[in-house]
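K.L.:
My questions will all concern the structure given below.
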Amino acid sequence: MKTDIEIAQAAEIQPITKIAEKIGLSFDDIELYGKYKAKIPLEVLEKFDEQNDGKLVLVTSINPTPAGEGKSTVTVGLADAFARQDKNVMVALREPSLGPVMGIKGGAAGGGFAQVLPMEDINLHFTGDIHAITTANNAISAFLDNSLHQGNPLNIDPRRIIWKRVLDLNDRALRHVTIGLGGPLNGVPREDGFDITVASEIMAVLCLATSISDLKERLARIVIAQNYDRKPVSVGDLGVQGAIAMLLKDALKPNLVQTIEGTPALIHGGPFANIAHGCNSVLATKTALKLADIVITEAGFGADLGGEKFLDIKTRQLGKQPDAVVIVATLRALKMHGGVDKKELTSENVEAVKKGFANLERHIKNMQSYGLPVIVAINQFASDTESEISTLKELTEALGVSVSLTQVFAKGGEGGLDLAEKLSAMLQAKPDFRYLYELNQPLSVKLDKVVTEIYGGSKVNLSPKAKRQMREIEENGWNNLPVCMAKTQYSFSDQANLLAAPEGFEVTVRELIPKIGAGFIVALLGDVMTMPGLPKNPAALKMDVTDDGKISGLF
């Protein structure tokens, strides 16, 4: 079979004006970025404001293997399947971060015959949104250090600055740096560090903002440091929220592209799900809901991370909950949770599937606890056997949950027709949605509910630092914000090697970081890196561009 990039380059891509017409947008409703990409101005959302919202389908997954389980691929293929059934459908996805693309993933725009196009552009610089976020983030750092240099009128304690610079690359050497060296003319010496851009609070702010005015208000609330009295210092205290919003003016607009089969796709924003909330922008999802009858969207990593955050964080800003949830499962991941070594995942092992099913079962019950109908999509791989597939189907159906075998990687929309048909029936009913916790509950209760009811743990322990931070959060009146758990994606717990569905474990919250602009409190569990490193053999080693500009090596 051809590689992803070979399939993408051989596909017949339509002018973006044609794609816009499919969802009722005229030439004047879009801003062109070349022939195959466009931005949708915020006024368009206002224009369709009276339109009823379409149905919203959330695609999530079980705890993945390091290779991922094809959640984006299933999301794209499902949208194409609905389009084949003449449904007015759109897909809404996050945009890839360049760091992981050049590090491990090699690309993140779907796979096989279920991709979004232009694949090379989307995986690289796209419309420049992430670069704008990088600039906005680092501008705040520059203004902060200038304030220190110019007499420190805000009385900022340089030892208590929490705002870091960012870069959209995996670069472990920049995690901890010292700046301001070289004498008085070069600023105030202090410790600093770099995060990857998609871990920046600016990314989360952009993805949760609903307008330019909301963007400015959120930017102003971002806490960047403490002063010598241990009081918070914000971007608003620097007085630069207007300038930062100006830098993000165009990045706030959703990006319109297409799938291989010509289904309209909005790709906008890309916060990590193991660090931030892991969902595409509220504005993109809102826009899609006004323009389409069915919207397929995804949340990063498993249902314990991106799925939980979509439901407890994003829906509160979106003003709408999903009408159904698709949980993507693969037999290789279930076998991994069943104790099979990563090198043996392609060998048949029915007993391991049965043992690893505990992971999928917990995810199913978790999503059902929100009052949402659930269907399992088996993302089929060539190594899957009939015995393994039938075993997984039997186990899933025994829970009263529908299951569909999908082959969208190999067949595109055709391989998702069964999933689309089963979902169509599920979408007729209105779910009785309920949140995991209420915002007015104490932060300790919210943490406990996520850990005990979603993860299956028994207790939350706070480090001395986290205890102090919780007191500060309460003193500052930030207790009514949702929690955003930052942990490993491979396990329900905070330990990557605790697979399947562990019980009775305790988790330790190392830090509680207030992200007041985004509107949530990040709880750091375990050893989560906000600036990844490159592997021994980065995916970039296989990437190249020919003399005529043709790209190779993305996958």
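Placement of Cβ uses the backbone N, Cα and C atoms for every residue, glycine included.
Dumping what Swiss-Prot says about this protein:
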{"type": "BINDING", "residues": "T65, P66, A67, G68, E69, G70, K71, S72", "note": "ATP binding site"}
K.L.:
Other than its own, how many Cβ atoms are within 10 Å of the Cβ belonging to G68 (ATP binding site)?
P.N.:
20
K.L.:
Suppose we draw a 10 Å sphere around the Cβ of K71 (ATP binding site). How many other Cβ atoms does it contain, all chains included?
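P.N.:
That number is 27.
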K.L.:
Between the binding-site residues P66, G70, where is the Cβ count within 10 Å the lowest?
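P.N.:
Fewest other Cβ atoms within 10 Å, among the binding-site residues P66, G70, is found for P66.
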K.L.:
Taking the mean position of the Cβ atoms of T65, P66, A67, G68, E69, G70, K71, S72 as the ATP site, which residues outside that list, in the same chain, have a Cβ no more than 8 Å away, listed in sequence order?
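P.N.:
What remains near the Cβ centre is S61, P64, T330, A333.
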K.L.:
If you count Cβ atoms within 10 Å of each one, which of the binding-site residues T65, S72 comes out on top?
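P.N.:
It comes out as S72.
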K.L.:
Within 10 Å of the Cβ of A67 (ATP binding site), how many other Cβ atoms can be counted across all chains shown?
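P.N.:
Result for A67 (ATP binding site): 13 other Cβ atoms within 10 Å.
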K.L.:
Could you list the residues of the same chain, at least six apart in sequence, whose Cβ is under 8 A from the Cβ of E69 (ATP binding site)?
P.N.:
S61, I62, V328, A329, T330, A333, N379
